[in-house]
Amino acid sequence: MASPKLLLVLATSLLGCGLLAAADYAPMTLTVVNNCPFPVWPGIQANSGHDVLEGGGFFLPALSHKSFPAPAHPWSGRIWARTGCAGAGAQLRCATGDCGGRLQCGGLGGAAPATLAQVSLHHGGDQTSYGVSVVDGFNVGLSVTPHEGRGNCPVLGCRRNLTATCPGELQLRSPAGSVLACRSGCEAFRTDELCCRNMYNSPRTCRASKYSEFFKRECPQAFTYAHDSPSLTHECTAPRELKVIFCH
């Protein structure tokens with residue numbers, strides 16, 4: 001059996017290498033809240049190499065929430081709401097945010113347009129970063145709210161109902177004619193310039209458009225095109241809980 005002194009030296013060495021860093025992270029809870037007057041089916045997509053949380057998706061009735069433990073190690077990904085869904089068992093088709101016709105997205109992303117909460121946990125000394133993106137368009141308002149963190153931990157969101165003000169050329173409509181969501185300029189027109197592809201894929205050439213400027217006027221805290229840089233910054237350390245709230 002190794003001596004206590006040797007074990008202490010080994011532990012110190014592992015911490016220096018970052019191999020025991022996760023043990024230092026305080027317990028953290030992720031909570032998804034449906035404040036909408038209708039049901040949603042949240043989707044969760046982890047970035048490459050990270051854990052799939054809660055199977056990647058679940059049902060959330062109106063005015064309800066679901067809480068689950070956050071990973072105790074670095075994790076990043078996105079959370080969004082699927083709306084207008086119907087299906088049975090593991091099959092689910094949604095009018096917005098669909099992930100391949102599945103209830104549990106299992107690592108798949110959601111179809112645009114969809115408002116995204118982007119989250120990065122336990123990085124750079126237990127920092128939590130988060131934001132809201134309408135780069136892929138808008139389907140429901142949402143906010144990201146940290147609780148009991150240290151440092152600068154603002155609430156960030158895109159709370160307005162943009163389906164009510166969406167320009168006609170960006171509207172995604174149901175067969176009955178109601179506006180379901182608001183597409184991005186990229187999703188609506190598929191040009192390299194609006195999608196920041198090819199020669200436009202750099203901070204110098206990827207610029208705001210009249211379509212991204214509509215989203216920026218309505219939701220100044222949100223990312224509105226690929227190389228957007230919202231002015232509100234944050235350095236939030238070790239929050240006890242992070243809430244993603246739809247229709248808030």
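Positions of Cβ are set from backbone N, Cα and C atoms, glycine also.
Nobody curates TrEMBL annotations by hand; they come from automatic prediction.
Candidates considered were Cys153, Cys182, Cys186; TrEMBL assigns the disulfide partner of Cys166 as Cys182. Note: TrEMBL links Cys105 through a disulfide bond to Cys99 (candidates: Cys94, Cys99).
In the disulfide annotation of TrEMBL, Cys158 is paired with Cys219 out of the candidates Cys195, Cys196, Cys206, Cys219. Disulfide pairing as given by TrEMBL: among Cys36, Cys236, Cys247, Cys153 connects to Cys236.
Around the Cβ of Cys166 (disulfide bond), 21 further Cβ atoms fall within 10 Å across all displayed protein chains. The disulfide-bonded residues examined here are Cys94, Cys186, Cys206, Cys219; by Cβ neighbour count within 10 Å, the least packed of them is Cys206. If you take the Cα of Cys85 (disulfide bond) and the Cα of Cys99 (disulfide bond), they are about 11 angstrom apart, rounded to a whole number. Of Cys195, Cys206, Cys247, all annotated as disulfide-bonded residues, the residue with the shortest Cα distance to Cys94 (disulfide bond) is Cys247. Ranking the disulfide-bonded residues Cys36, Cys158, Cys195 by C-beta neighbours within 10 Å puts Cys158 at the top. When Cα-Cα distances from Cys182 (disulfide bond) are compared across the disulfide-bonded residues Cys99, Cys105, Cys153, Cys196, Cys219, the shortest belongs to Cys219.
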